């Protein structure tokens, strides 16, 4: 219907014959009246012709002045007159005020100014003024075209100026009208002429410096004005956006309102223009206006002060020289007076000598000689004073010449500086007004379209549609009531408007009308119009802007026929009365509710984050999440996340709604790193990722990033918000410097930095090596024999490898966080030309935060101060070589935490065992528990056994440690000699202790615990190709054959892993002490372990060779290949060994499974159960290297009670060594130790221990399917 009426309105609008198409701007509305009335006025036509004739004459006068006299003054006068006439014509006839005409006039002014009149003569006059003549013709042609279009009625909107020419705007007079005097004409002097004119002035330097200072103050005022204006505009745009959003939501709820779609479009235009203005303001504050101008101003101030200081020094030198000249002149005058006195005294003495008698001649001669000597001395002093005066005069002349040269240089430097500053000011000013003009142009076009649309509306149109829709609803209501009475009995309990529920289903005509109406609206929220007006017809709260909270829960909106079901709202944390509770619990109607529904708080200013919440009233005192104050009155609560805050805090709220209950406040800054890292899947704290990503998005080019401090109050607010909202904080509202301060504060307040305290010394030593390499590089650059020296790339590669090894010793979360931070800092360094932050600056900033020693109460020494430079140097090195040090992949996060509170150690992902990398493969391990305990009986039996042996050293513990040792060897071999760090060893030791103490079930534990023994894992992958040839051949043989051949090999492996022979075979293996070994010191063992790591190197694929020391100690090897005869291997000094069971014994045990267990338990012994001992599958006897044969020895069981064994023989297992179960154990050759290290104490007597019911089945299965433990 609206579209139909628009067509009718357009038909009624008939333009008159001479009338132009109208626009909403002021100038074009003026054109309408002029075109319709003024053009037909004869007086106006006569006046227009006179003005055009006058303008034509001025053009001719200017051309004649150029061709005839060619005097600069005359030409400028003619040009001044021409521009005055043109300006008067454009002011009098607004139709001729065109952008093209103004551009042509400016072009003419520029061409005239560009002519150098000193070079003009009769020969080159035409060449020099060719462009001037062309500009004159262009101006005349443009003026003629605009005049023709005006008279013909074809004036376009594009050619007209949007704003009329005013006295305050930039007129032609301000551009071109200048004085006739050439000495005062702006821009007519060359740089040399400017310097020469200033040199003639005695105070030229002071004047130039004064101008530079005034320029700085002027620029400061301009920048201050722009900044304050932009801040006010930014605040205004935010308020406009909030107001527009609230108004748009409110007017969208009312239907059939006049010009609703028009005002919705206007609100959308306000929001869009506000967003564009915010982007423009951000650009102007960054690199379009403020920052370049401030940078130029600071540079001007710096150079001005330097020049002023230099000029003052030169003047002081000149003053000293002039003072010396004055003193020399006074000295000359003084010496001359003394000489005159001595000369007169000599003259009087000669006269006395001539007039005296002969008796006094002798005395007079003596006096005469004395005065003559005094006269000569005075004469000599006069000559010396004259020489000094001449020297001072010469010095004064030289100094004066130097002062003039310095003066000339200073003036030249100041002139260049002023020109550069003017150029910058010009560029940023063009940016400022150009961006504002684009903003205003888009706003003008939007207003134009809105004005045209408003003219098309017919009054009363929406009211007519409302009446028509109401009549249709009434008819449908009557039909619906009749149908209900005929089909079903009346239902009580509904309000008077219950029957209007059926109005939702309208006839086709109503649907078409609704679609036609919605097609012309810009934004209509909620369901169809009838539903909103159904409530509005029976309640005045809608018309006054109130909410629908006064309706009860049993209203029409929750009737069975309503497809918009209302769900009960989440109850508030406060206590309220029954009526208020109903008001608060009722959600808004579908037309009201939405993602940005404000409800009763629509008049409250809200931030972007606050608009994401759905607030309701709060009636009980609670703590505000924004200011952390107590909310007593005027509190609000989100329905979804239950966030509580004051109404006044909604304007500054930065926590976004997560649509689920918000977690409580966490302790983030100053908290343990592991507490925050374990909550993240990759171990990287969320505050690090949020701050780094925000900085990379908008501040990589910001000058002084991470060096300039932010606002302290805003920084504290952001820290508080991160502790309250965590990932849901909107940090885009904060400045980049504030975000940088938060990141630095988090790193600085960590109790232990990313690089752990125990690795501090190693990293400091690495930094010292880096310093030595840098010094060598500098020396090689200075040395002329640099080409003969080898390149330093080898040293750098060595340092890179060492740094990689040290970083691998960090836990996974520390490594990943450090990796993430260093890569982020590398991106900052990549933009160092813009942000002025290179890797050295960032190293100085982040060095003490990432690497610091353990805090002590000792006083600060010089060596501790020297570590600051090493810390900065190390971080600089990590940033510079980040791509080589970090491979780009993060380490997997630990799935369990060690018993001591630390995170389990991590290894490189490429060398992780398969059981560590895929959790799915660990499921078969957990399922194996059913093989051991399938009934409550077994579990109870095991519990009682564990309790009875809790106070006695168990042989089972030794077996478990030995199993873990075998896994450690296999892990080291598979990883090609990669040594695990001390933290990993200590963490694994603590896990072993806790498992020995607290474990009730001696069965398999989780996949990360070291005391669990993996058994009967299905082989899901082929064996690695790095196996020896005989092992590969073994895989191709039958299971029975493998069983027969692998028995001895495994026994030899077990013997090599036995602590009895550790002195021979595992000299360089890491050691640890379990809690049962009382006589050992942890620190001593750790030092011994470090020495052993330094002395020996693990080789991956070396075959095990048992030295001749075995036979010297009485080790007897008896190997039988038959399956019916057991393999017996004995050792005289170790009598308590477990023989390998034969096939007959296996069959006997199988038959015994069917028998029920005896009611009386046999006496317990220290003999370990079979399911916990080392399994002995068949293995080839051949070695993997050459044709050497490996002696096969049994596994010698050593109980944990041997506390007097040397510390080198106490072994420690490594977490993640379960990969030994997936492949064969490759023994590693070890050098022989000393004889005293090989001496072992005797093993105490062990006794048998009863087996569980289900263990026999596992042993039988074990004999059939060989697996490696």
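Cβ coordinates come from backbone N, Cα and C, glycine included.
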Where Swiss-Prot places region 'Disordered' among the ranges 316-367, 368-419, 420-471, 472-523: 472-523
Feature region 'Disordered' in Swiss-Prot, mapped to one of the ranges 240-299, 540-599, 600-659, 660-719: 540-599
Counts of helix, strand and coil residues, the zinc finger (612-657), according to DSSP: 5 helix, 16 strand, 25 coil
Where residue 190 (phosphoserine) falls in three-state DSSP terms: coil
For residue 190 (phosphoserine), the number of other Cβ atoms found within 10 Å of its own Cβ: 10
